[in-house]
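Report on the structure given below.
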Amino acid sequence: MEKDFTERSTKGQRKLANGVVENIESKLKNHLDNNNVINKSVNYEDVMCSNVKLSVHDDEYDIKNIKKDVCNLSKLSEERLSNNISLKDNNKVVKNPEIDTKTARQQYKKRLNSTQSTMNIEGNINNEKDDIIEDYDDGLIRNMDYEMSIVKNKRNNNNNNNNNNNNNNNNNNNNNNNNNNNNNNNNSNNVDNRKRNKNEECYDESYCISDNLDEITSYRNKLSLYNKLRMCFNYFGPGWIVAIAYLDPGNLCSNLNVGLIRSPDPTLEKDYSGYYLLWIMVYGHMLGFIFQVLSMRLGHVTGLDLASLCSKEFDRTTSTIIYVLVQIAIWGAHIQAIIGTFIALNLIFGISVKVAIFYTLFEAIIYSFLENKSLGLLENVLSFLVGILAVSFFVNVFMTPINFKELAISILYPRIPKGKEIDALALLGSIISAHIFYLHTNLTAKKKSVICNDLSLRRYNTLGTIESGGSLFLSCLTNCIIVLTFAEVNLKSFERRDQYNLFTAYEVMRKSFGKISMYIWSFGLLSSGNNSSFMCEYASKSVVEGFLNKKINTFVRVFTFRLMLFSLLYMFLTLNKYTLDQLTNFINVIQVLLLPMATIPLYRFSIHENVLGEFRLKKFPKFAVFLIIIAIIISNVLLTFLDFVHKETSLITIFFLVIFSFLYFGFIIYFFNIPIKKNYIQRN
């Protein structure tokens, strides 16, 4: 056993290995001591459930091993019943022969749900008061394979005893003693073989660097670059899922519209109007990074998501209003995802749009299966699709002649072309959406179970910041590439920019960069639609469970929402498929107007001592985030007003606009003044 752990360099890791061996050997010695195996009333259910709670393996290991062992409990129950029948004559009865398999499976599901979609760094040791173990060695990781070997050894002993009782009634006691002694010797040999056999070692050291957080902090500078990178990659997950929201079909539609902006002046030798709104793209991702870090910190410190905090703190009416508005934002993003998916299928395979929309129902079945199977598997699928998306659009960089001087000017010098205020607003709405902050807090809150003190909390916050920064940098780069690709398209004088949308964007790519670029665009759009669809389902689940405080069957929830959205889209398709582009832009505007429904409560909880304690925003950061939220709210209303000024609007439209503005600002002012009374901080 010690030989298997020679690759570990720190003292704490050697102690971890030695402690596991000593723990298991002592248990084997106690459980397999001569004739006491049968007389002891060991409850197998307790053994299994305790190990489910204390398992430190990742979700993949749980699925392959623990689930299989828990499902075999019924077989152990039958053997115990048969042992009782055969041992009645000797007054030796195993107590509690019926194993409560239902309870054991519930414990397994509870353990799996509490830590799924998170990678293990410190070891998933339960932090609840009932599970705190005083002794250091007892607090070490329990090895599931060794525990199951105990169960199997007991079962073999019982079977051997039964055979001896049936065949040698006169010498029953002697045979039992001999068999037990032989089995004990075999068991000790098996333990030695397990120590020597590296292939049977179930502890996966790739998911754990050290169990001693103080030691990690003390020797931080001595950790190799490889170990530091491994720590980062073991954490990664939530930030990359959230980054999908920055690369959905709504973003692609806004990027297309912004990149195809052209100046009305026909005398320009080279028109760079498509570059003008890149500053919104870059600064929008910076704002997104700030709020993603706040979301991540809120989940790590409290162990609750933003929806649960709103439900617990605000009254039912306010919570219901927020829930409805956030759910509208999710449905809007989901509609955009479905649009992007069946447009891509139509472009790649030539399938009719009305037939391609049924693919979304099949996609719902896939999502339901992945969520019920393992959220770790779902994360892997989403990461693969994100990779396809990034590669597809990065290839366009080598086909596009970019003017880097104009690019730098457009980022550093904010400007909005005349009459393009609604495009600027839609671009901001496509970048930052309300539901992504609810989703991010939900994902990071699940890591609370493996955060055991303030040192690990700070480390997790650092890793979360690195992950959010890296994922949003990749997202910003990809979106800018899409804008620049369409900004460099040479439109003819007789062609209008309004002629191109998600349906016809492939024609622009084909004319300017060749046929292969058309397929690159289509595959990127398909990957974006699938990614965004899965992400919206995940966000919907977290919002429903957080606000309503109840779990809804995945299959029922997914199909109900999909059928509703399917009916709405089919109605649009029966009218004219090109209205979908206008629908996508309208949804982006709605997204940015609903953004305060996430940023305001996130800000309120992030500055309150009862929620984040010493990790709350203080002084300058607190004031800076407040100004950002106010600037977003004012820009929303101002850009909407300017867009109406450039158009001919009726008195009824102006009347509704004024009423909406009063209601909008009134609710926001009320939202800012709701007191936070409860204490959510969990001190480690």
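The backbone N, Cα and C atoms fix where each Cβ goes, glycine too.
According to Swiss-Prot, the protein carries these features:
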type     : residues : note
COMPBIAS : 156-191  : compositional bias 'Low complexity'
REGION   : 153-195  : region 'Disordered'
TOPO_DOM : 1-228    : topological domain 'Cytoplasmic'
TOPO_DOM : 248-275  : topological domain 'Vacuolar'
TOPO_DOM : 300-319  : topological domain 'Cytoplasmic'
TOPO_DOM : 346-350  : topological domain 'Vacuolar'
TOPO_DOM : 371-381  : topological domain 'Cytoplasmic'
TOPO_DOM : 405-423  : topological domain 'Vacuolar'
TOPO_DOM : 446-465  : topological domain 'Cytoplasmic'
TOPO_DOM : 488-515  : topological domain 'Vacuolar'
TOPO_DOM : 574-584  : topological domain 'Vacuolar'
TOPO_DOM : 604-622  : topological domain 'Cytoplasmic'
TOPO_DOM : 646-650  : topological domain 'Vacuolar'
TOPO_DOM : 674-684  : topological domain 'Cytoplasmic'
TRANSMEM : 229-247  : transmembrane segment
TRANSMEM : 276-299  : transmembrane segment
TRANSMEM : 320-345  : transmembrane segment
TRANSMEM : 351-370  : transmembrane segment
TRANSMEM : 382-404  : transmembrane segment
TRANSMEM : 424-445  : transmembrane segment
TRANSMEM : 466-487  : transmembrane segment
TRANSMEM : 516-534  : transmembrane segment
TRANSMEM : 555-573  : transmembrane segment
TRANSMEM : 585-603  : transmembrane segment
TRANSMEM : 623-645  : transmembrane segment
TRANSMEM : 651-673  : transmembrane segment
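Note on the topological domain 'Vacuolar' (346-350): DSSP counts are 4 helix, 0 strand, 1 coil. Over the topological domain 'Vacuolar' (488-515) the predicted model carries a mean pLDDT of 65.
DSSP assignment over the topological domain 'Cytoplasmic' (300-319) gives 15 helix, 0 strand, 5 coil. Residue counts for the topological domain 'Cytoplasmic' (604-622) under DSSP, helix first, then strand, then coil, are 14 helix, 0 strand, 5 coil. Sequence-distant contacts of the transmembrane segment (651-673) (same chain, six or more residues past either end, CB-CB distance under 8 Å): 318, 321, 593, 596, 600-601, 604, 633, 637, 640-641, 644. Per DSSP, the secondary structure of the topological domain 'Vacuolar' (405-423) breaks down as 11 helix, 0 strand, 8 coil.
Beyond its flanks by at least six residues, the topological domain 'Vacuolar' (346-350) meets 356, 503, 506, 518-519, 521-523, 525-526 of its own chain at Cβ-Cβ distances under 8 Å.
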